[in-house]
Every structure is written in C-alpha cells, then in structure tokens.
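As recorded in TrEMBL, the features of this protein are as follows:
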REPEAT    15-47  repeat 'ANK'
REPEAT    48-84  repeat 'ANK'
REPEAT    85-117  repeat 'ANK'
REPEAT    155-187  repeat 'ANK'
REPEAT    188-220  repeat 'ANK'
REPEAT    224-256  repeat 'ANK'
REPEAT    257-289  repeat 'ANK'
REPEAT    351-383  repeat 'ANK'
REPEAT    418-450  repeat 'ANK'
REPEAT    451-483  repeat 'ANK'
REPEAT    484-516  repeat 'ANK'
REPEAT    517-549  repeat 'ANK'
COMPBIAS  548-562  compositional bias 'Basic and acidic residues'
REGION    548-567  region 'Disordered'
C-alpha cells in the first residue's frame, strides 16, 4: 500500500511522530531499513522534539533498539540530539534500562554528563527516576563510564543529596565510593547530612558521618547560616542528637541569628531534646542577636515543662524580649515570673516594642494593668515613629484597654512622626468604639496627617455607617482636600465606599471638586465601573462633561442590559417560548 502511495511514509500522527518514530520504538528493524531506503528524514522530530534515535533508545525490545540506533547512526542520525526538554537519547536509554544502547551511544561519543531540563545530568535523572527496577545497576554503569557524581542541577541538588532523600544506603554508598562529595550542598547550603537529619533517618545519618560528613561545618546559605547540629536539635529525634554528640557535636555553634542548637529544641517544644543538650553542656544563659533566650522560645510557645526546667538554668537577668515573650504567651503567671528579671521594664526590643505596647497589642488588659502597677510608663513613652501606647491602644479592638491607657495621658491628641493622632489610628483601623470614646474625651476631629488626610479620608478605607455618622456628627471636615487634592468624596468614589459617598452628598458637599490631576469623583466611579456610584453622583449634580488635566471627561460606560445572552439563557428562553406555544395550541 505504501509503495503505491508514498505520502504515508512521511505522515505524522497527533504527536507529530512519523512512521519511522513508531518503527524505531517498536523495534521493527526491517521497517526502519525500508523507510530509510525510501529517504525519510532520520532526524525528524515529533512535537516533543524526539528523533527516531530517542524512540529506539526507549524500545522494550532492547536488542532491536540497539541495532536500530546503530543503523540510524550509520545513516547520519544524531546520537546526542537534545529533545524539547534537552533529553538526549542516552538519558532515554538510561531511564529505560537499555544498557546496550547506552554502551553504543557512549562508544559513539555521546556526552555522559549532558544536562536536561532543570540542568539535571543523566545520573541525577536516574537517581530521581520513578519505577526503575535496575536503578542501582544503571547508576553503577554510568558512574563506571565517567558520570560526574557531583554534578548538580539548577538548584545545586547533587545525585548524592537526592539519593539520601529517596533511596537507600546501598545507592548512597555506591555514590560515595565513586567520589561523590559527602559535604557538597545545594544553593541553599543543604548537604546530604542535612537531608538525612530532616528525614529523621538515623541509619543514613550514621552512614554519612562514618563516610566523612562534617557535623560541625557552618553552612552559609543565601539567607541564613547554621549547622547540622542546629537542624538535629529542632528535628525532634533524640537518637540522632545522641549520636551526633557522641561524634563531637559542638553545641555552642552559632547560626546567622547567633542562636545555638538549644534555641531550636526549645522552639520545637521538645523537652527531651532540651534536657539532653543541657546535660551535655549546652548553656541556657545565651542570647541571640535580638537578645532572645532559649527560655524565651519556650515561654512564647507556652511549653511549661521546658520553662520550668530552664528557669533556674537561665541568666538571672534578661533582656526585655523575654518579658515580651511572656506577654505574647498570654499567661499572667509567666509575666509575673519574669517581670523582675528585666532591668528596665520600659525598654524596647531592638526590632520590637516595649512590654506595655506588647501587652496592648495582645489585648490582655490584666497584663497591661500588671505592667503599669510595676512601673511601666505610658504617657511620654515613645516607640517607632513616635507612636505612643495610646496610639496602639486606639487601634486594638479592646475598648477597655483604650479607656485605661487614655486615662494616663494628658494630651489625648498626641502626634506620631507622621502626625497621626490616636483618633486617626482608631478611624484608620475601623475601631468605632475607641473612636467614640476618644471623641467623648475631647479628641479633635479636624486633625490631618502628613499627607493631609482627614478623619473622613481614612474612613473611606474601611469604615461603615456607624463610624461615618459619628465622625460627621462630631464635626469632622467633609470637604477638606489632602495633598493630592482629593476630598473625602473623591477618595470614597475611588475606593468604592458608597456609604460614605451618600453621607457626604447628604451633607451637601460639592460633587464636582477636582484633585491635582483634574479628576472628579465621577471620573473614578466611572473608571471603576460602579454603576450605583455613577448614578448617585449624577443624581447629585455631577458634571458628566467636566474634563481632567488630560482633557478626558468621565468614561461612563453604557448600562449593561439586564437580559443576558449566555448559552444557558438562550436555552431557557427557547424552553419558555416552546411552553407558551404549546399552551396556545
């Protein structure tokens, strides 16, 4: 049939494969010879970029596959041609366990260390390959033929790392025997030992250490620095840690945050590990770069057994962060336990808050009261951006804390660096109860921050009717412009707060005010496609022809027809028409 119509010799199937591809895959050497005799292209690629040589390398008929590869190579076929994802015929042969094809390709100059997708080598692909019954033998073959056991992928993962993660000791020993670097890490500095510890694989940890893995090496990744001992301390596997200690684990090594392994154990809530480390010389009197301590990790976690165990083993005095950890735990007994250890109850953490601010943020009024009773300064205490405890209290959802803190302040309108008052903060965070309380205590409603935003500008962000009505009734300016020239109405239209828009229009604000770009509230409502906002503004007298600085009027889109025209709607319409027709007839 093909002799009569030779077009079929070059036809392609849905995957772009030619008859030569199929013949090579199925091991039909006679058909392959016939097709080549008919001058078909021996290097034709299918949609995956694979040539007939690739297909022969994957043939289940291994002997025929080798013969076909040899024949095609003699006819000019490329033996190292990369496919769509850089797969070479050698990789295909390796993944299908075709040793004869591998031997042949290598004898003809195939690159055993070529890289495929993700810069993975042939050896690495085999290590990661699924359902390879002869994986060990394939690995051994490639290694003996010169495969580089230390060639990593784009992320630096080596065959040994992957073998530790997913294979057994036999394959790992093979790689190390063939000169795989037992201490070579990936781009994150994770080594084979790291992965063994991470997977809590004691036998693998022991093997790697016995084969030269250095347990005290400080590994430097792009974001952090640490050792395998740190990882083991947080892995909740005492057996591995005991073994590492027996091999000389240094329990005083520092990570990038100046934390020793005991921090990791305490943070994991592993009492057995903490006890093991202390009994083997780890100090609990250490502090990291932020002044945090191991007991602080346990306190923050609420690990009572570790807290009790470390209490007498920790430093007699502590940084303020320990007290903040106690506050964060929410346990009053912890706060009482550590409050006397902090030299200055009003100090702030290097990267955090003072204890009283931490207590306010945690919304625990009993702890706030305790701190004040023990000398915590409220009025006159400044934190980041000159924010005071009252600023923090104003934006919490606990009115009782706001009332308590405000009672300690002489100036209820105290400003932060960006000129925000506590009331501005309460409004910006939508805490109506606190805003109502502050206003009742005389807080000014005409305040603006550094950007010129008033209370109603902030209300546009997230406030509902209750807050809006409160502010307007309390005299908050309704038409003031911020530094961008926006009135609260423009801001509300831009954000889509129709409740505020309606309230402002009811107060009679000008609907045609323009900002610095010449845009009105109607411009923003139209651009956002909010039809209700557009209708509201037009009904209030908004000018549909007013232009901005670019000469553009509001882009009011035609209203959507209520009648939909989806396929489903058309079917329903037809059904209704048919029903009505049936009733009439």
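Cβ atoms are placed via backbone N, Cα and C, with glycine included.
Curation plays no part in TrEMBL annotations; they are all automatic predictions.
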Any residues 6+ beyond the ends of the repeat 'ANK' (15-47) with a Cβ under 8 Å from its own? 6, 8-9, 53, 55-56, 58-61, 63-65, 67-68, 71-72, 75-78, 81, 83-84
Going by DSSP assignments with H, G and I as helix and E and B as strand, what are the residue counts for the repeat 'ANK' (484-516)? 17 helix, 0 strand, 16 coil
As a quick check of your reading of DSSP, tell me how many residues in the repeat 'ANK' (155-187) are helical, how many are strand and how many are coil. 17 helix, 0 strand, 16 coil
Within the same chain, the residues 6 or more beyond the ends of the repeat 'ANK' (257-289) and with Cβ under 8 Å of it are 224, 227, 229-236, 238, 241-242, 245, 249, 251, 295, 297-298, 301, 303, 305-306, 309-310, 313-315, 319, 350
Mind tallying the repeat 'ANK' (224-256) by DSSP state, helix then strand then coil? 15 helix, 2 strand, 16 coil
Provide the three-state DSSP residue tally for the repeat 'ANK' (257-289): helix first, then strand, then coil. 16 helix, 0 strand, 17 coil
Do you know the mean pLDDT across the repeat 'ANK' (224-256)? 95
Chain residues outside the repeat 'ANK' (48-84) and at least six past its termini with a C-beta under 8 angstroms from it: 15-18, 20-29, 32-33, 36, 42, 90, 92-93, 95-101, 104-105, 108-111, 114, 116
Distal contacts, the repeat 'ANK' (188-220) - CB-CB under 8 A, six or more residues away: 155-156, 158, 160-161, 164-165, 169, 172-173, 176, 182, 226-229, 231-232, 235-237, 239-240, 243-244, 247-250, 253
